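Okay, structure first, notes after.
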Amino acid sequence: MEKYENLGLVGEGSYGMVMKCRNKDSGRIVAIKKFLESDDDKMVKKIAMREIKLLKQLRHENLVNLLEVCKKKKRWYLVFEFVDHTILDDLKLFPNGLDYQVVQKYLFQIINGIGFCHSHNIIHRDIKPENILVSQSGVVKLCDFGFARTLAAPGEVYTDYVATRWYRAPELLVGDVKYGKAVDIWAIGCLVIEMLMGQPLFPGESDIDQLHHIMTCLGNLIPRHQELFYKNPVFAGVRLPEVKDAEAEPLESRYPKLPEAVISLAKKCLHIDPDKRPFCADLLRHDFFQMDGFAERFSQELQLKIEKDARNNSLPKKSQNRKKEKDDALGEERKTLVVQDTNADPKIKDSKVFKVKGSKIDVEKMEKGSRASNANCLHDNGTNHKGLASTSLRDCSNVNIDHSRNPGTAIPPLTHNLSAVAPGINAGMGTIPGVQNYRVDEKTKKYCNPFVKPNQPPPAGIYNMNVSTSVSGEKYLLQANKKRKEYPKADVRLPELNYNHLPELRALEGIARNSRLIKKENKCLSESRIPSLAAIDLHVSSVASHQGAGSPLSDDSEADLPRMEHQH
């Protein structure tokens, strides 16, 4: 495993975690499933060995591709091709459901993948939105085969089955140990309604609640399942509700806006009797796929998507070429953030520029948001990065950054709340929720000047008056400081010295005059380095006022004064 560089955590569950990694030699991005220590937990070992065994014999364009298997320090590591987008992500972005054409393309590939497994006598047993990956080109891939297994031989029973309740067939809920491929067909019926409507079809909170949801829509269980229910000790003391035909709410009544072909397909998959549910090949021949020549047309389109994914996965070994191709694919959404150094020396013509690139995890979140904007086109145009999304510090803790290539200052990722940006947007079928424009925000902050008065003053009030007074006062101080700094030294004027102190000059007037001179001189002390004479003049004047009018200055005092030039 030393040849892989860990780029971050994708997700974790009860039996291990999935990490995004890069092959150091080829540069290929992969997903590595890291199981818990299998030697200490027999269940973990059983699930790991089952998934390894099945995926080694299953190779299909609609199944996730297992690349490598290794064991290190009692842990199993499974290396898969990396696909970070799921149908669950689409449902979160579009809570009112996906576009009809998108559901057609997704479901066609889902049934293809499940049919391939069934043809090898393998049932998945855990079909749900989060276990269905979608590549950048729109190719669907089933994943998480930890609960999958081969069909039981005659007389053999299944055990240890645990999967998501909302997609469980009735035979699983009542504890039937002789189920088959029909459990995956049931999950397909639940999935098609959820993809179109955005909400789960049967969101039960417990097994008995799940059965109640099913029976109120589809009617009573078959006699065999009713018998198994009452024999199951889990349901001891509980009775099944008896639903009359008039009380049932069928799919066409619950979802009157859905097309007839959708209702027909869903009802076939959700038949209460598992023996009457169709096979995958029968579903692909349904009107839902055959109308308007969709199946034939999309089969050709799908081959192009698969070839595109194959080209994207075969990355060059040279890191420079790989980086160039990645930057070209990102386009405008990954522009370099330019920060100008406003404290640079004004003598330099060009201001300093610092280039800071977003973190790897940010780019991935941006990629998901962009892929959502192209969901109606089924990602035909690839992915342009952005949006949003929030990044945890834990995701970034394992990221190895090459500082020699990126010497710029690292900016921590920001967490944005999309619901606060566009709270009223209805992300229905094919609509896209609002995405915040970060450049607009940066532009607003950059040109926001707190000292510029608005064109129309706010209504008069005590708070507005205080704010305006403070702003105007600060503006005046800024202008005054600027004038003082720009005041030339050659224009500094010294107070005039009176060598002839007239005898009729009164003492009080002399003191007042010299006080004004001191104040004026103190203002000029910070701007001029020329020594001040005001203090000497004050001393002489005070002596003159005490000695009486007409007392001339002594020769020694005049000798201490610097020679001044008088302008007439």
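Cβ atoms are placed via backbone N, Cα and C, with glycine included.
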| query | What does Swiss-Prot list, out of Lys3, Lys24, Lys33, as binding the same ATP as Val10, Gly11, Glu12, Gly13, Ser14, Tyr15, Gly16, Met17, Val18? | reply | Lys33
| query | If you take the centroid of the Cβ atoms of Val10, Gly11, Glu12, Gly13, Ser14, Tyr15, Gly16, Met17, Val18, Lys33, the listed ATP site, which other residues of that chain have their Cβ within 8 Å of it? | reply | Lys34
| remark: Simplified to three states, DSSP reports Val10 (ATP binding site) as strand
| message | Give the mean pLDDT for the motif '[NKR]KIAxRE' (45-51) on the 0 to 100 scale. | response | 84
| query | In this structure, which of the recorded positions Glu12, Asp126 has the fewest other Cβ atoms within 10 Å of its Cβ? | reply | Glu12
| note | Using DSSP three-state counts, the residues of the motif '[NKR]KIAxRE' (45-51) come to 7 helix, 0 strand, 0 coil
| Does DSSP put Gly16 (ATP binding site) in a helix, in a strand, or in coil? | strand
| task | Could you tell me which of these binding-site residues, Val10, Val18, has the greatest number of Cβ atoms within 10 Å of its own Cβ? | result | Val18
